[in-house]
């Protein structure tokens, strides 16, 4: 039976599965902080396809594999034939025969979807123009670590300030899946599309919580437990000049001390990073005591560990002692015969 599962869109996962991955990631994190690196990915190899530059995603994925006994290969743009001389289908089938798991950060979501369709091993979406699921899991893990006293996730409200980037969309997907109230505080023309919002509303209907889109700062920030923002000009924004975008977002949608003061007194600030200091967020907020961005960045690795172990767990069938001894003896004999033949 084919047990392959991809991590391309968290909407294909249940709340129970997400909760399991959060707990798995935190347990592995606890184990490593106490000095034990569980070999949960021993002898497993991750291939990483990057059509874009990356700091947090690449380093967290490589470190996650290494710490758990596996290995990661970086496949840079121009070094592999992905949709160039060779079709995505063919490249994916080849990589699926050589690697144990594939991660891909791509320009277009359909690319990672195709890799997932044709590769016979699990495929992880390291970010596309549609969503950023590994960021989602790291973020929700960080929220669990910083829950307000006496609250659970389903009691919390999160506000995403600014543009409806793929991180905004992903934040809505994940938080509504966990029963939270989600608000996008952003200008018209930069709000989430209706079909995307509908997914969040379906989650809210099933799990509780709500989805709100508003241009009213007071309405958005009232009783917020978490406030999140992203850059105003990102990897996929090339249709409007940067200066024009800045004029739309600044100063109303900048996360500063004045805006944060409208939230609850225990509010936490989040950012997927990299941040453009002085634009979408001030230094005062980013470096404040209520900023949890560095924990959030660290939990990218926590999330990667959980995702890789969860997806690869069905294939972790290690040989029995008897089988290992059988092959050790056969290899020893074959290598001895090879040496003898060279010496004759």
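Keep in mind that glycine also has a Cβ here, set from the backbone N, Cα and C atoms.
Quick look at what Swiss-Prot annotates:
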- 29: site 'Important for structural integrity' (SITE)
- 54, 55, 56, 57, 58, 105, 132: carbamoyl phosphate binding site (BINDING)
- 145: site 'Important for structural integrity' (SITE)
- 271, 272, 273, 274: putrescine binding site (BINDING)
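Feature map: Swiss-Prot annotations on the structure.
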| residue | record | contacts (Cβ under 8 Å, 6+ apart) |
| --- | --- | --- |
| 29 | site 'Important for structural integrity' | 302, 305 |
| 56 | carbamoyl phosphate binding site | 273, 297, 300 |
| 57 | carbamoyl phosphate binding site | 103, 105, 126, 127, 134, 300 |
| 58 | carbamoyl phosphate binding site | 48, 50, 74 |
| 132 | carbamoyl phosphate binding site | 125, 166, 167, 170, 272 |
| 145 | site 'Important for structural integrity' | 26, 295, 299 |
| 271 | putrescine binding site | 228, 229, 230, 280, 281, 286, 291, 293, 296 |
| 274 | putrescine binding site | 55, 231 |
*Between the binding-site residues 272, 273, whose Cβ has more other Cβ atoms within 10 Å than any of the rest?*
272
*Hey, what's the Cβ neighbour count for residue 105 (carbamoyl phosphate binding site) at 10 Å?*
24
*So of 54, 55, which of the binding-site residues has the fewest other Cβ atoms within 10 Å around its own Cβ?*
55
*asked:* When DSSP is mapped onto helix/strand/coil, what comes out for residue 57 (carbamoyl phosphate binding site)?
replied: helix
*Look up residue 145 (site 'Important for structural integrity') in the DSSP assignment and reduce it to helix, strand or coil.*
helix
*Could you find out if DSSP has residue 105 (carbamoyl phosphate binding site) as helix, strand or coil?*
strand
*Environment of 271, 272, 273, 274, the listed putrescine site - residues of the same chain whose CB lies within 8 A of the CB centroid*: 56, 230, 231, 275, 293, 297
*Starting from the Cβ centroid of 54, 55, 56, 57, 58, 105, 132, the recorded carbamoyl phosphate site, name every other residue in that chain with its Cβ within 8 Å, sequence order please.*
50, 59, 60, 61, 126, 127, 300
